[in-house]
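Participant: Below are the features I grabbed from TrEMBL:
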- 20-42: transmembrane segment (TRANSMEM)
- 71-88: transmembrane segment (TRANSMEM)
- 100-118: transmembrane segment (TRANSMEM)
- 124-144: transmembrane segment (TRANSMEM)
- 156-178: transmembrane segment (TRANSMEM)
- 204-223: transmembrane segment (TRANSMEM)
- 244-273: transmembrane segment (TRANSMEM)
- 285-305: transmembrane segment (TRANSMEM)
- 312-332: transmembrane segment (TRANSMEM)
Amino acid sequence: MIVEEEKYAHPLARKRRMVLMVLPILLVIVSVGSLMLGQVSFSVSEVFSGIFSSEDTMARRIVWEIRMPRILTGIIIGVCLAIAGSILQGVMQNPLADPGVIGITSGAGIMAVAIMVVFPGYIIYLPIAAFVGAFVAAMIVYSLSVKKGGTSPMRIILVGVAINALCGAGTNALMILYSDRVQSVLPWLSGGLIGVGWVQFKMIIYYVIVAIFLSIIAIKHIRIMRLGDEMASLLGHNVERSRFFLIVLSTLLAGIAVSVAGLVGFVGLVVPHILRLIIGGDHKYLIPASALAGGLLVVFADTIARTIFDPIEVPVGILLAFIGGPYFLYLIHRKGNSIATN
């Protein structure tokens, strides 16, 4: 029996090593390509010259001052959303859990819009406000969807739809009441990195460092909770405390992403789900792989969004919705019977 288990364990271990080796390489390649492409294109040598040279050249101004912070912020957004989705899917034991689908990003969004249009002088507190909104939405979703023995996939989706509708109505109300300040918010609502620079990067980087550190700690909690509440309790694990910690962490990650990029959806749904099919559900490997793949997806999608319709920039959130929406419908169709019974 042990020999047979090892026989099947080796291919999975090789897949995990391969994925964790290939993803960073792809991320670097896509990032360099993104630095090269745009309304003004550069060669690889010009890109590196723009990064490392202190001379005030066009390459320096475009590569370092415009594209570099946008790419780094895009990586952060993808990392945060993918890890948040991975954690939510683990803690709720539901592959359909995603910050956008279940209303967490909408909760963060309405608070962020409130700061931007009602209290623009407090814009420095935007990440904190987004986190508070995400946390409130997450607690409502969790409290209303939990059932004895776990969470109901159908209830999560229905509560998420309701939260999205309520937050959407609140956001629209704020935009009507403060219509003179709406223009600065509209691109943000579509979800994108247009106009993102070093200021936005510096605004979130410290929150991101804390969130990633907590995500490393979270791996142990998720691995134990995957055994089930009863088994985890028998092992002396405080299930409710861990669940609360994981929900708070996922809302922090989603809040960070929303505070800068707006309502970018489906990264937390698509990335962890696809990787789970490839490398399995062990979060020791799933979380780092999701982080790398999430950053890769957002940077790649943003590069396509700002170059394919040049000189018009399409918000990356729109492109990701075209990718994630059909995949979400596919998941619902594939798991329709199991969802209906819950």
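Every residue, even glycine, has its Cβ placed from backbone N, Cα and C.
Because the structure is a prediction, the values reported are computed rather than measured.
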Participant: Let me check one thing: do the transmembrane segment (71-88) and the transmembrane segment (285-305) come into contact, meaning three or more Cβ pairs under 8 Å with sequence separation of at least 6?
Facilitator: yes
Participant: Residues sitting near the transmembrane segment (285-305): Cβ under 8 Å, six or more positions beyond its termini, same chain?
Facilitator: 16, 19-20, 23-24, 26-27, 30-31, 33-34, 37, 70-71, 74-83, 85-87, 192-193, 212, 215, 218-219, 222, 264, 267-268, 270-272, 274-276, 279, 313-316, 318-320, 323
Participant: Out of 100-118, 204-223, 312-332, which stretch touches the transmembrane segment (156-178) the most, going by CB pairs under 8 Å?
Facilitator: 100-118
Participant: Residue list, the transmembrane segment (204-223) vs rest of chain: Cβ under 8 Å, 6 or more residues beyond ends.
Facilitator: 73, 76, 79-80, 83, 87, 90-91, 127, 237, 242, 245-246, 249, 252-253, 256, 259-260, 282-284, 287, 291
Participant: Under 8 Å between C-beta atoms and at least six residues away from its ends: which parts of the chain pack against the transmembrane segment (244-273)?
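Facilitator: Distal contacts: 73-74, 76-78, 80-91, 95-101, 104-106, 108-109, 112, 126-135, 137-139, 142, 187-193, 196, 200, 203-204, 207-208, 210-211, 214-215, 218, 221-222, 225, 286, 290, 293-294, 297-298, 315-317, 320-321, 323-325, 327-328, 331.
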Participant: In terms of Cβ proximity under 8 Å, which residues at least six beyond the ends of the transmembrane segment (312-332) contact it?
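Facilitator: For the transmembrane segment (312-332), the sequence-distant neighbours (Cβ-Cβ under 8 Å, at least 6 residues beyond its ends) are 74, 95-96, 98, 100-101, 187, 190-194, 261-267, 269-270, 273, 297-298, 301-302, 304-306, 339.
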